[in-house]
Amino acid sequence: MMEENRIPDRDELCDYNYAVAGHAGTLCDKDGKLFIKPCTPTEMDFYQSAIKNPEFADIMPRFMGSLVLCDPSDLKVDDAVTGIISDAGAIQTAKEQIEATVAEQVSRAPAKTAPHNGAPWAPTNGKKIKTNMAVVLENATRGFTKPNILDVKLGTRLWADDAPAAKKARFDKIASETTHDKLGFRIAGMRVFRGSEDATQLDKEGYLVYDKDYGRMTMTNDNILDGFRHFIFNEAAGIDEDLGQAVCSAFASEVSRIQEILEAHETRMYSSSLLFIFEGDGEALSRAIEKNNAFATAVEAVEAKLANRTTLRTDSGIAMDDDDELIQAAVLGDDDDDDDDDDDDTDSVIGPSALPPIFSLKLIDFAHAQWTPGQGPDENLLKGPGMSIPGLGQIPAQHVESSTRVVALRKAGEWRFHLAPGATVSVKLLSGTAEKDGVELAPRNAYKLSGPLRGKLLTWHGCELEVDGRTEHDATAAFYAPTENPATSHLNLHARLAEMRGAAARERREGPRVLVTGARATGKTTLVRTLASYATRQGDQPIVVNADPGEGMLSLAGTLSAGVFATVMDPVATDGWGSTPTSGPSTVPVKLPLVYYYGRESPEEDAEVYKQLFGRLAGGVSGRLSEDPDVKSSGVLVDSMGVEAGSARGLDLLAHMVDELSVNIVVILGTSGLNAEIAKRFATEKTSLGEAIQVITLDKSDGVVDRDETFTEHSREAVIKEYFFGDARRSLSPQIQQVDFDSLVIYRLPDYSDYETDTLVREEACSSMEHWTLAIMHASIRDSPETIRAAGVMGFVYVSDVDEQKRKVKMLAPVSGRLGDRPLVWGRWPEPFINLLG
């Protein structure tokens, strides 16, 4: 007989491993029968009430009961909890940080007390529960050899009526920028057994994990079926075209059944998902299909024979016949060698429950679900195409066409490319020479470039590149003569700077101090990065200064930073500059930046504070120049913000930078009215060292494109994600901390109307801080707001959740340690990174 389920002890529970797109902290028992996850009262109520609707309950995970979390203050269930799967990027330490222990208690029907040990699981019939509860479900992946799992979030609207306005806005933004808007669903994450031929991309169980960025950034209305194709068709795992088509048809049929059930019930569900599971091992899938088909054939044969009989032997209302042996044979197979000891358990293996599972499709995630009698079916799920998933039943097998190609470039030629968020290409130099932003590529070495990215590879002598992967756009640029490529003038500028550095080294004086400016989208940052690369290749050590808070350099956006570049730069770094120190090894030498937190997008938003912070940054630069002879002779390269012609405040800020750093060369990229204004402004001025200020105008490359807001937002988010979690070459493990309100000292930047009165405003933690990054300042909590505002930055924390009732904040920090010892500053830039923890 089947063993009766019992309540497991705490030490019998373990982490749930099949997680790709939701909240961390899920558990299961060691036998894999039960799945346990924290839940909201709304979700628990929905599971309990579904018992009264058996047809609806059949499309949900089987509800077993509930457990109590002993320390609810350690766990806050996120409003965006997505049930059975959690993000691929979820932090492995989340479980330890949550420290939510499950008590040996199960909800039961009123007036009936369940024993402490050995008690069967019982449904919580209508009993109200508190927020410190965990729902106990039958593990949907149990029985599969290698389950492939896909979470598809449903609906064009993702928020419930009672959601705060800020959350509504965030979720609407997600919907508008993803397939939710047009298709009514989004791929939230998936795990595919042997999903890549590159073993380094697989986890320890052999799975390729697609996190939430795959559905948000890579999937579009046009290529959504590719996502399902990658989930199902997989020759590497033995799932060929025939098997894949069978799985597609089965899922399509089940989706239609779920749609019919939803149309027959009156509910409202927001951020619910369809959980697709099927056997991901091709051999196991074939065996499962064969056994299930044999069972179905045997049942049909028995039913046909019994239909011609007038009298049946019955036992407890169940028809019995000698031909039941046919059904048993279909389940057990023809080999009886293994059945000698199982005579007493024959009943437990007869029937479809003993068959290996092929696929499963369940509706999950009911944190924002309720029954709505009299209001009709859920139009948010049904009126759009979301429930139909167009083309699911007819996904053609993928005919893999090689994306590898060879790009040949002539002298001074360029390969220009655009990569969408989440996209990657691998580039290998086959012959000749080539460089990316001044960094020379090593022959036969594969460089993996990741989107979002707008870039180019340049060759001075001609080359052949092997490119593997698909770009959003790419093209080659050829020039009749090398002098026609604007990059030639950039190389000539470097040659002139190299001469000045050599003379400065001989005379033991400061080298050139160069400021690069121009209008928006002229290639300023690329030029500064290229000049820095050329300098380091010749053994120089310039200081690079980022004066544009709209973008970061070796830091997050919203900061001003400076660093000495004495070694090669990283051509595949997320921000294009390189990485800062971590506790582990790095493939490219790290940089040590000096960082100040401005916290706004444009210097003109608070010009006086900007000048103050830039002055402090310039002081640090001057100090390093005076202490290090090699750095002193190498000089300074300044990447300034974009300045438009006619902007008096912008020109004033440029003049302030020139004065603070004693800039003696101003480079203007592109031609505009700004050229004449700057030339006139500095025509008669001299540096603090008595040098004349040279103004040089260079043409911008015709390959420079204006980056739209969506692209720049994805770029900022990629840098934030890399700061906390690392990249493909170096994985970082940040720490989740739960902190009391009273232990934090938080200041916010004042509103525009407050500029004249306050530098910083003391602020208590609040829900508005969720998904923002806060700067940890190099100051004491006892320092004045003015001192804190002018202090340097130690690092950043990410606010995952704020529980105003329990007065607790969940934060993500690069390292463990007390956060209350340093003041935190909440700025206005970069804007919130949505759902960093899933």
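In case you wondered, yes, glycine gets a Cβ from its N, Cα and C as well.
Packing around Thr526 (ATP binding site) is summarised by its Cβ count: 25 other Cβ atoms lie within 10 angstroms of its Cβ, all protein chains included. Look at Thr526 (ATP binding site): DSSP puts it in a helix. Residues annotated as ATP binding site in TrEMBL: Glu414, Arg454, Ala521, Thr522, Gly523, Lys524, Thr525, Thr526.
Summarising the annotation, TrEMBL assigns compositional bias 'Acidic residues' to 333-347.
Across the residues of the domain 'Clp1 N-terminal' (409-503), the predicted structure has a mean pLDDT of 94. Residues annotated as domain 'Clp1 N-terminal' in TrEMBL: 409-503.
What TrEMBL records for 518-725 is domain 'Clp1 P-loop'.
The domain 'Clp1 C-terminal' (732-831): residue composition by secondary structure is 14 helix, 38 strand, 48 coil, according to DSSP. Look at TrEMBL and you will find 732-831 tagged as domain 'Clp1 C-terminal'.
Taken from TrEMBL, the feature region 'Disordered' applies to 333-353.
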Which residues of the same chain, at least 6 positions away in sequence, have a Cβ lying under 8 Å from the Cβ of Gly523 (ATP binding site)?
Leu669, Lys700, Ser701, Val704
Cα-Cα distance maximum in Å, computed over every pair in Glu414, Arg454, Ala521, Thr522, Gly523, Lys524, Thr525, Thr526 that the record assigns to ATP:
19
Determine, from DSSP, whether Glu414 (ATP binding site) sits in helix, strand or coil.
strand
